[in-house]
Structure formats: structure tokens, C-alpha cells
Amino acid sequence: MSAVEWSILPGLSPYRETLEAMENRVAAIRAGEAAEAIWLLEHPPLYTAGTSARPEDLVEPERFPVHVAGRGGQYTYHGPGQRVAYVMLDLDRRGRDVRRFVTALEDWVIATLAEFNVRGERREGRVGVWVVRPDRPAGLDGSPREDKIAAIGVKLRRWVSFHGLSINLEPDLTHFEGIVPCGIREHGVTSLVDLGLPVTMQDLDAALLRTFPQHFPD
């Protein structure tokens, strides 16, 4: 099975049930019983803790439900207005290179943002995608402000990937205040709408679909 099956889920997907369904799909892919899959969805407001999450980075533990995700990375927020892409690909077939896979995810996000004339950038030592904010005050050292627009956190099970990435379209950015996103205190978060772009979720999904084959060819 080589074609990737795409699903766009309506409404808000409950986290625990979605994680269980994702784990079942990963097992089916590994067994050769199901095609690779990408699920595009939104969650209700919640925080997830990756395998490197530090207790002190959960600033407001009572604000939203907190889930242990089992993916790589630290704390992140999911909620309405944020597009989550769960990426279930067979790296045994595509190449057993985790670093290359994460880089391809970043490149996919960067290409998607470019569809809206947004320059997303990667940073050494900071997984995810960032945008420079010349419209915001510079840092104490005079360096330009950088805000995170997309987070990436993955897990592999017998070389099938799951979890994936999230892109901030129009979430309530104050919801990120309950955590230190990805353990990075000196940078903020942004979204496409925060950048002044009237992008819809349908626009974003279409861009994700268009740019995917460039970075994950069959």
C-alpha cells in the first residue's frame, strides 16, 4: 500500500480517543493491513507533555487538561483554531532516518507557510518553525523577535511514525501562557491570523495537501 490516505476530521477531536485510534492505525500500517495516513483535525483546549517535559514548564496545571503524549519534545498546547496534522508514515519503506524525517516535516510546514507569503524558518537546537517579527520589540541583546508558528513532535513504533505537527492558524494565543511552550522561555508564539493574514482552515488544508508530495514522495 503506497497511497497516503488523508482524513479531515470535523469538530473537535477528543485527545485520548484520537491517540488510541492513531495507535491502532500505526499497528495496522506496520502489519500491512492499512495505508499510510494523515489526519487533519482540531482538539479542544489541552496541554500535552512530551518525553522531555519538565514539571516547572507547566505553569498553570489547572487551566486545561494535561495529557502525557509519549511523543518527543516538551509541553505544547492544542486547541481550536490550530491545525493538527497526525502523520502516520512507514519509515521502513521511506528510509530509516529520524533526523531526515523531522527535517522533512519542518520543510513541509515552511513550504505550506510560503503559500501565504510567510517566511517560516528553522533554528538550530529548536525543533519547529519560526517567524521573525520585525514589527515587535527586539530582544535584550538587540536580536530580532522570533515567534513560533508551528510545533513538531513525533514518535516511532517499529519505524511507523505517529503524532506529527501543529500549525497555529487562529488559536487563542493566551492559552499558551499556561506552559513554557517546548521549554523555550525567551520566544513567543504567533499564528497566521496574528500575522495579519485572513487565512481559513480550508485554505491551510489545501496548502498542506499541495505541498506534501514535494517532501514525502511515494
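First residue shown is number 1, and so on along the chain.
A Cβ is built for glycine as well, from the same backbone N, Cα and C atoms used for every other residue.
The model shown is predicted, which means the values in this text are computed figures rather than measured ones.
Per Swiss-Prot, active site, acyl-thioester intermediate is recorded for Cys182.
Among the features that Swiss-Prot reports, substrate binding site is placed at Arg71, Gly72, Gly73, Gln74, Tyr75, Thr76, Tyr77, His78, Ala151, Ile152, Gly153, Gly164, Leu165, Ser166. There are 27 other CB atoms within 10 A of the CB of Ala151 (substrate binding site), with all protein chains counted. Mapped onto three states, the DSSP output places Ala151 (substrate binding site) in strand.
Swiss-Prot lists 32-218 with the feature domain 'BPL/LPL catalytic', giving sequence analysis as the kind of evidence.
Around Lys148 (site 'Lowers pKa of active site Cys'), a 10 Å sphere centred on its CB holds 23 further CB atoms from the protein chains shown. The feature site 'Lowers pKa of active site Cys' is assigned by Swiss-Prot to Lys148.
For the domain 'BPL/LPL catalytic' (32-218), the predicted model reports an average pLDDT of 93. Counting every protein chain shown, the number of other Cβ atoms lying within 10 Å of the Cβ of Gly73 (substrate binding site) is 23.
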